[in-house]
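Okay, so here's the structure we're looking at.
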Amino acid sequence: MFLLYIGLDGADLGAGIFALFSKDEEERGAIMASMAGFWDGNETWLVVAGGVLFGAFPLVYGSAFNYLMIPLAVALWAIISRAIAFEFHVHAIGSKRFWGWMFAGGSLVAPFGAGVALGAALQGFPMAHGMALESVPGAHASAFDAVPHFSGNALSFLSPFSLWTGVGAVVAASLAGGLYLCARFLPGDPIHQRAKAWTSGFSLVALAAIAVTLIWSYAIFPWAAAKWTGPDWWFWLAWLVIILGFAYKSMMAHAEQRDFTALLWGEGVVAQLWIALWATMYPYIVPETWTIQSAANPANSLAVFTLFMTGFVPVMILYNWYQIWVFRGRFTKKSVYGGH
Amino acid sequence: MLLENTMPVLLSRLDFAWITSMHILWTPMTIGMSWLLFALEMAWLKTGDERWYKLNRFFEKIFIINFGAGVATGVTMEMAFGILYGPFSQAVGPFFGNILGFETITAFMYEAGFIGLMVFGWGKVSKGMHAFATFNVGLSSTLSAMWILVANSWMQSPNGVVLKHGLFQVTNWWHAILNDNFVWGFPHMWVACLELALFVFAAVSSWFILKNRNADLFTKLLKPTLLALLIVTPIQIFIGDTLGRDVAMTQPTSLAAMEGHYHTYLPNGKVNTGWHLIAFPNAKNDGNSFAITIPHVLSLLETHTWNGKVTGMDSFPAKDRPDVWVPFYAFRAMVAIGFFLFFVALWGNWLRLRGQFNAQALRKHPWFLRSVVFSGFLPYLAIWCGWWTREIGRQPWVVYNLMRTYQGVSHMSVGQEIFWFTGYIVFELVVWSGAWYFFSRVIRKGADDIAPSESLFHHPDAGETDAGRAGGGFAKPTFAKPTMDKSR
């Protein structure tokens with residue numbers, strides 16, 4: 001779920017970051033219009049991901065949201081101001097500039113907050129048994145004390161590493177956005193031209209960011225270091241080579257103006273990295289804090305949930321695809337803006 | 001009860017009350033309005049009358065703004081569970097989390113999928129496909145309300161679970177989902193959504209008739225709307241009454257608070273059947289310091305008998321009693337609004353029977369039109385009042401009789417909570433004022449600038465973009481695989 005969200009929304013968040021550097025409102029409007037019809041579909045994957053997390057891993061949901069409240073709230077408010085800007089930009093007359101900036105700014109802050117949250121989650125967090133809120137008179141020991149709760153304070157999440165992962169997420173989104181815009185606008189259009197240069201630049205920055213993140217993680221996370229240099233080191237190395245191969249394919253396709261292919265390879269890199277991250281963390285879902293086993297919903301609930309899910313996910317993908325299909329096709333700066 | 005309301009608990013409650021109250025301003029309207037938009041679209045397709053199309057497109061603008069605000073505040077709410085009520089989220093996760101998960105998958109996602117088609121799909125998909133999309137938006141938003149009410153009703157009457165290892169584990173899914181409160185709670189909420197949307201339609205129509213703009217168009221809408229309200233408003237009163245008796249059975253403390261009913265028996269040993277019109281509960285929360293009481297009415301209302309016994313607050317220990325002020329007065333306000341709206345529906349249909357139903361004649365009844373405009377806001381207030389009654393009546397429990405509110409609150413300092421509260425207030429007010437600004441803009445603009453429906457397929461931009469070229473009413477591509485084409 002999160003993967004789908006990152007894959008789909010990363011692109012339109014990145015396009016928003018791109019819009020931050022747009023010279024006029026017309027260009028921002030065109031970029032926004034190019035996403036009309038499915039950006040909301042992308043956003044909803046986030047809500048679905050949240051819902052599924054609550055359903056499948058309520059213990060993580062309850063404790064991690066408490067721990068990550070500041071970065072998640074920042075990301076959330078950014079996403080929402082962006083969503084509102086989407087709705088209002090078309091209607092607005094005098095305040096068009098304001099909504100344009102809300103859209104672009106929100107697109108920048110959202111991946112940053114989400115990246116910080118991810119980095120912070122990798123660090124694990126303090127847990128305690130007993131009542132989460134002390135100081136209630138007449139409180140007594142209860143059955144609920146059996147479940148450990150988050151027990152740190154509001155700023156526990158903050159560290160150089162988590163800030164760095166925030167920056168990393170912005171870089172990744174920027175790259176995805178560039179790839180998306182290239183695929184979305186007609187070659188020769190001013191937006192396409194600028195997006196091309198943007199994408200080439202960010203490809204290199206993104207590669208550097210991946211390298212830094214890997215080295216840093218290796219240095220500070222014993223669980224990651226143990227996996228990567230354990231007996232299966234050749235497997236991880238091979239995986240890394242495959243990821244680099246994907247990135248190379250994407251850059252090549254981009255250079256040859258096969259924009260849609262480039263976008264697909266780019267999404268492939270994101271998917272590979274994401275799966276590699278989960279594989280590194282296994283059996284933990286939050287490193288050193290919750291293992292998948294202990295955090296999962298009790299078995300009988302989970303069975304029902306999975307049953308329900310597996311039936312619906314293909315249907316959802318189907319109508320999402322239909323939606324993207326209906327609104328497919330390339331745009332130019334002028335035409336889109338006049339059309340809506 | 002008051003003892004447990006330390007500052008952090010109280011702030012968490014206030015914070016969440018604020019978040020839900022702001023969210024519930026938007027979603028009921030989305031749910032009700034989606035069905036009405038579908039009705040308008042069907043009327044257009046069946047009769048070919050362009051006016052239905054115009055009305056549809058006009059209200060669709062309001063719908064979109066409303067939907068956006070609903071999603072924004074809804075995502076906030078989803079997060080607020082984890083942030084403010086971490087331990088609660090963990091303990092109820094096996095049931096509550098699953099239900100919210102189901103909601104996002106089977107309803108929210110479903111809705112979002114079709115809403116894009118509905119809003120941006122005009123002229124890009126066939127008319128039939130578009131109507132199908134609108135229908136699905138209605139269906140999915142109703143499903144969404146259903147799941148949310150499953151979750152909330154379960155907190156009122158937690159059936160089908162056992163408490164094991166600090167978690168509520170489901171023993172019977174059917175009992176848990178179709179819990180006692182849900183059976184009437186959901187219809188009550190759903191009809192409220194419909195009633196709200198109908199009154200907003202009626203209020204906007206009346207406003208236009210009063211201003212003498214597009215008056216004939218909106219009179220055409222007002223007719224069926226008022227007829228529908230004549231059916232819906234009394235049904236809502238009936239469902240509300242049934243739900244009230246359901247609450248009396250499953251949540252006696254909540255009902256006692258709604259009615260300010262402290263004593264099961266009078267001092268002389270007889271059953272206390274008195275219904276309070278006005279009551280001032282005393283500070284110790286064990287009786288009213290002042291009340292205007294009508295004998296027998298409470299028994300009539302709750303048991304439908306002359307002398308039926310209704311359990312009073314004194315049957316429960318002081319620490320298990322909710323506060324009375326809010327449920328008591330919120331409940332009364334809701335009921336009063338319910339009856340007033342029924343009266344407005346009667347009034348309108350009476351004018352109609354007397355042949356007063358054309359724009360000119362209606363303007364001779366400005367007080368009727370003003371009442372309808374005013375009635376556009378009342379359902380919002382009624383929904384608020386109903387929700388407050390429900391949520392405060394359940395206190396001091398977050399899951400009735402099983403988990404106390406303070407046990408579910410996250411590990412947070414007072415400063416942190418104030419920070420959150422302020423943040424949410426600012427944020428929700430921005431959403432609220434933004435939405436209202438655009439509502440009023442849309443309404444002031446009126447229905448004149450809505451292009452005729454043929455323009456969907458022959459607009460000047462058609463052909464300029466690939467998307468336009470693909471138009472002509474069907475999603476059939478006029479070119480092959482556009483985005484994968486190398487030469488482009």
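Just so you know, glycine gets a Cβ as well, placed from its N, Cα and C.
Any TrEMBL annotation is an automated prediction that lacks curation.
These features come from TrEMBL:
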| type | residues | note |
| --- | --- | --- |
| TRANSMEM | B:16-40 | transmembrane segment |
| TRANSMEM | B:61-85 | transmembrane segment |
| TRANSMEM | B:105-123 | transmembrane segment |
| TRANSMEM | B:135-155 | transmembrane segment |
| TRANSMEM | B:189-209 | transmembrane segment |
| TRANSMEM | B:221-239 | transmembrane segment |
| TRANSMEM | B:329-347 | transmembrane segment |
| TRANSMEM | B:367-389 | transmembrane segment |
| TRANSMEM | B:418-439 | transmembrane segment |
| REGION | B:463-488 | region 'Disordered' |
Proximity verdict for the transmembrane segment (B:135-155) and the transmembrane segment (B:16-40), three or more C-beta pairs under 8 Å: yes
Where, among B:16-40, B:61-85, B:221-239, B:329-347, do we find the most CB pairs under 8 A to the transmembrane segment (B:418-439)? B:61-85
Among B:61-85, B:221-239, B:367-389, stretch most in contact with the transmembrane segment (B:16-40) (C-beta, under 8 angstroms): B:61-85
Who are the long-range neighbours of the transmembrane segment (B:61-85) in its own chain, taking Cβ under 8 Å and residues 6 or more past its ends? 12, 15-16, 19-20, 22-23, 25-27, 29-30, 33-34, 37, 100, 108, 112, 115, 119, 200, 204, 398, 408-410, 412, 417, 420, 424, 427-428, 431-432, 434-435, 438-439, 442-443
